[in-house]
């Protein structure tokens, strides 16, 4: 079994490193040749995971031809806004790989497409060869082999089962799902709500406010999931609620951090600079989610206020207080129907 993880950021590095436990041939591919050389020299990703030594068996390269030769599974750990360009550029090398696993969490701004849709379009492959791995998972804790549970989803449940067996580790339990739409929607939109939670913390609004934002944010995520035909229970699982809780409450969360810094008075640009080159997908997904809500007339007040703070310079305090002045509503959407059977 030969697996290549494309993208040498924190999550790509962590996942590639721990997969060496299985005895497979694992390659980590990075775009920047100079950075890859430094990582190889030190056996440490000083750019995104400083302080963690890499498994001696992990191969690291910037050579795309070597990284794709005789590979069984390609895992993409690439920011969603750059995924399509990466696939276009390297399509000729990726053509012979059997399975493609996305780990990115976002929605493409220009097309409002999910990552699995982008992979299918650009590589011209059937959905049964495409999967998404998602759920509550910080790279540092994965490197430390602390217990976690995540989910792998594919439209073909046999594909999900096959990849589940291959990728599960002694400390990493992977569940399977055939609701790739729900898994990708949950993974993307929770980042926007995490920014809102961070803004609330930055403003010093306390635990009550954050709990309300997380809970009502989950409702907004579910509205979009249902719009696209996902199963509501998926959003209550690891890729939805699980990841939402993690990302909205931890100092390790980039999206929460961006929100907190903005709540404390920094501009978006200043907050992003504090991440030192790391990506907070929620900043971009806020645009995608806002466009989806506008085009489909989906009520998403938290998402819309986050968008206004990030892109229309609305005061963070005014944005969160405006949520309290919305029309009083029933807690459960009046047109919500769900048949358990």
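Cβ coordinates are placed from backbone N, Cα and C, and glycine is handled just like the others.
Quick look at what Swiss-Prot lists:
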type	residues	note
ACT_SITE	190	active site, proton acceptor
BINDING	10, 11, 31, 47, 105, 139, 254, 279, 281	NADPH binding site
BINDING	105, 135, 137, 190, 243, 253, 254, 255	sn-glycerol 3-phosphate binding site
In the three-state DSSP scheme, residue 10 (NADPH binding site) belongs to helix
Recorded positions 31, 105, 190, 281 vs residue 243 (sn-glycerol 3-phosphate binding site), shortest C-alpha separation belongs to 190
When each of the recorded positions 31, 105, 190, 254 is scored by other CB atoms within 10 A, the minimum falls on 31
As a whole number of Å, the Cα atom of residue 105 (NADPH binding site) is distant from the Cα atom of residue 135 (sn-glycerol 3-phosphate binding site) by 10
Whole-Å Cα distance, the residue listed as 'active site, proton acceptor' to residue 10 (NADPH binding site), is 19
Expressed in angstrom and rounded to a whole number, the NADPH site built from 10, 11, 31, 47, 105, 139, 254, 279, 281 spans a maximum Cα-Cα distance of 22
Expressed in angstrom and rounded to a whole number, the sn-glycerol 3-phosphate site built from 105, 135, 137, 190, 243, 253, 254, 255 spans a maximum Cα-Cα distance of 15
Whole-number Å distance separating the Cα atoms of residue 253 (sn-glycerol 3-phosphate binding site) and residue 10 (NADPH binding site) is 12
When each of the binding-site residues 10, 137, 253, 255 is scored by other CB atoms within 10 A, the minimum falls on 137
Taking only the CA atoms, the spacing between residue 31 (NADPH binding site) and residue 137 (sn-glycerol 3-phosphate binding site), expressed in whole angstrom, is 23
